[in-house]
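Record features, source Swiss-Prot:
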- 478-683: region 'AAA-cassette D1' (REGION)
- 767-956: region 'AAA-cassette D2' (REGION)
- Gly772, Pro773, Pro774, Gly775, Thr776, Gly777, Lys778, Thr779: ATP binding site (BINDING)
Amino acid sequence: MKASLTFSLSGIYAPCSISRDIYLEYGDKKAECLYGTIRLPQYGPGCTPGKIVHCVLDDSLPFCSIVVPSKLFGFMPTQPTMDFCYFEPILDNVVPVLDSVTFLINEQLYSKLMDLPQEMQQIQFLHYKYNINSMETVVHSRDILTSGLCQILNCSPFPQGLVDFTETQLILVNDTEQKLSALKYANEDEEYALPKIGTNSALSIDLESLPCTISRDLLRPAPHINDDNSIYAFTDAETLLRLDVTSGSFITVSNMGCVRLVKLFVLLLPNGFKKRTIYAPPKIIASFPDCSVVTISKSNIGHTDIPIANQVFISRVGGWLQSQKCFQNIILTTLKKFFSESKRILCQNDLIPIAFDSSMADLNIAEENDESDDEDELGQYYKNDSLVWFFVTSAELDCFSKDNSHFIIDPNRTKLITTNITNRRPLPLSRSNLQRYYGFAETFYYDLHIFPYVRQLVNILETSFNCSQRGITLNASVLLHSTTNNVGKATMVRFASKYLGIHLLEIDCLSLTSNSRQLDSTSKIIGYIRAKCENVLPYASPAVIFLAHLDSILLDVNANQDPEAIKLQKSINFEMSKLLDDFTFKFPGTTFVGSVNNIDNVPSSFRSHMRFEILVPVPSEAQRLRIFQWYLSSHELNRDVQQKVPVSYMDNISFSSLSSYSAGLTPLDIKSIVETARMTATARFYQESKKCGWLPQSILITQEDLSKATSKARNEFSVSIGAPQIPNVTWDDIGGIDFVKGEILDTIDMPLKHPELFTSGMKKRSGILFYGPPGTGKTLMAKAIATNFSLNFFSVKGPELLNMYIGESEANVRRVFQKAREAKPCVIFFDEIDSVAPKRGNQGDSGGVMDRIVSQLLAELDGMSTDADGVFVIGATNRPDLLDEALLRPGRFDKLLYLGIPDTDTKQLNILEALTRKFVLDNDVKLIELAKLCPFNYTGADFYALCSDAMLNAMSRIARMVEKKVSQHNELTGENISTRRWFDKIATKEDTKVVVKMEDFLKAQEQLTPSVSRAELNHYEAVRANFEGA
């Protein structure tokens, strides 16, 4: 229900007072109090989480009234406040009791509380100081109890609930980081004395765009229903007082000779707006596109002083949407609705924004449907997603007035005439976020300090625009390319154009390729692009022509193709190059931008016409963190949510761990992760509400939701998107590696944990080569490295790199290293590297493909120690003597680690313990005795086979025992039950428990043959001596 609201200066946990009518309607006559949820209106879309409060009856309050402490909503009522709220009772007064409440305490206060001899005395302090009463007071996360002294950090398991001194754990945390020093109630520092009224006839003040539309319910005084809401501006009460005007009065906003009339309203507390700033809608901001500071002054003009225009001439502002015939009817219909629903106040040279639903264009709403109610019936289904502008060219008035520039458009008296098209630059993003204001799906906001490739594109577009303003022809063109799909090439172009205020003409070339291999396809494709752009560009400058998926129509000519196909391909390549030059030369200030996935497929003849090429990589860790923050922001989480419950995330979410674990994923994958986590949190929300019998005030996404969604995304899309996975092999799974482990920590752990030590120019060691007999754990060791240091893991096999086409094998090597750089920190593991990189000159393959692979591998390894932080290369081989000698030089595989056969009983014991740590061993098993029985030419793989055979022997022995028990049971009972039925109905846990005995190990050891003979072992030792001696 909607109730009148008054804020008091009482303590934060003072009971809220309610009038008798509310108490009688919702309260229990037997109960002494009532619990309910108070939700304040907000300046923006969606709804805010409500606060559960403890309410008491106050007979002195007027009808349908509530009094609430202002501190509960984090502000002091020094200015006009909101005077209504939404109240919902808690059914059956069931408010959950919290398990724990964490308080952040000032250092001095914390030390004094810790000096108290009993914990109960600390609870009594909170009780008397902040009026926290057991099983009565409702506390909320982030409540400020005292500015600079005490705040509630967290409530568990719900963000708000009752405190029970006998059950709720109260946790006091010392504020050692001085976070409380900057924590205050909003408006707390303001004096209660009013400022001097009318001290300035004009004020210089900041002008900013409203972030969203303001509900009429928040306008004080309430305006007339026919008032023009496109000229409403807002500011704080202090500014109104200094200007000596009341809320709802006309004022003038001026700068550099431009004067606009606005109706100024007060912003009610609480709100998140800045003080001494005037907030205006986009229509007013468009009149001051380059002015962040304006002069406001009191106006003596009333509504009756503004004349009504007889005729008004408006022209369309050039742009992509205005040039599309399919949108003309819906645009004109929306324009007509804009002028008919209110008496609009306009001025010559005004820009009028018109938002419309482009999906309604298919319904072909005609202009002549004046007397039809179809438009009103469809209005509830509108969801605006596009914006066009109109420009007021001139107006005809009957008479002169006090204000010669402004006039009113009366839908019953004024004739509106649309004329030609005019050119106007769009508003840059820094002046107005039009997508957020009108509720459109927002384009991701790139931080130019974190995304250098976006900064490069912005700089190119900005330079091109500035040069065209000075009459300098730059003819800029940019080719965006990437090695992975869905990295945001189109998004960055849309952002850059909005950020700078540049028209965008976007064409997806995939829609042009259905008949791209026919003889007349070239003329059709070129004709379509020319027709779409040439009609717009004369009235849309500066502009960006963006052709997405350009490689779908441009292909490099292959000599093996059909001659007709070659001719066709050369034709379209030539025509596209000519088109590029024509547009950039004929329309100064126009920048051509194309995007491709694989730049190697773009013909060199076309690439030579592109001035700039920008590589768009997979996001780095810092970039992924920013993307997670964007998609977990309030405006993104609550967009297109049908439910009324707001969605947010827990305060303890670690964005750094999310960004680290999501290495190699694209922005689209991160968006999918957040959507999956939101759905999981929503399902849990309704399940918990059914269990506890009440509906929490918000849906909270937890760290576990995001972690599970990230793991699911990596598992599902690892093959399709090429994202590597982190294996699950720990040091405990490997035995006898103490020396090798120490060497690995020095090589890998040091650069990861202390990168500052290598800033002086010292090169990192990024290459490790494991060599030794087969079965000694080289592959297992590489996986353990990736797991221990949380590194992504690429395993590369030799045959995967080979390709029948010339140059493709080396390209495969480049792709492997490129994927690793995109997924860093990462380990590239080359198993049996001697088959990939043998000595050059000794191979008999035609074409020398192996030699070229070795050369490419050497080139990639040379960059590992300098510009590839977090990428480590590990090779494994049984025959290091077959490797090309250049691989073993410093800067490449400069760390050679020999993984030999365990040659002592202790090492063999360590391996046995690692392999059997998950076994259930009998008391008679003595692993040290077993190790003494094993010869010293057993490899790690041999010990793995020994333990596996022992487990198999134990299972066979238990199977025979079970069969014997089943046979005895059938003889005693006369039944004929099967073994499966016996397990289902009669068997106990002891019958299914596999216990490995010493006899199982001894039997397995007798049957085991070593995989490495003594002679072979001597050969490997000789190779080791040769390498270590060298």
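Glycine is no exception: its Cβ is also placed from the backbone N, Cα and C atoms.
Quantities reported herein were computed from a predicted structural model and do not represent experimental measurements.
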Site with most surrounding Cβ atoms, counting all protein chains shown within 10 Å, from the binding-site residues Gly772, Gly775, Gly777: Gly777
Candidate with the highest Cβ count within 10 Å, taken from the binding-site residues Pro773, Pro774: Pro773
Listed in sequence order, residues not in Gly772, Pro773, Pro774, Gly775, Thr776, Gly777, Lys778, Thr779 with Cβ within 8 Å of the centre of the ATP site Cβ atoms: Phe770, Ala876, Asn878, Leu899, Thr939, Gly940, Ala941
Structural state of Thr779 (ATP binding site), classified by DSSP into three states: helix
Cβ neighbour count within 10 Å of Thr776 (ATP binding site): 26
Chain-internal residues near Thr779 (ATP binding site), provided their CB is under 8 angstroms and they sit 6+ positions away: Ser795, Phe829, Asp831, Ala876
Mapped DSSP class for Pro773 (ATP binding site), helix or strand or coil: coil
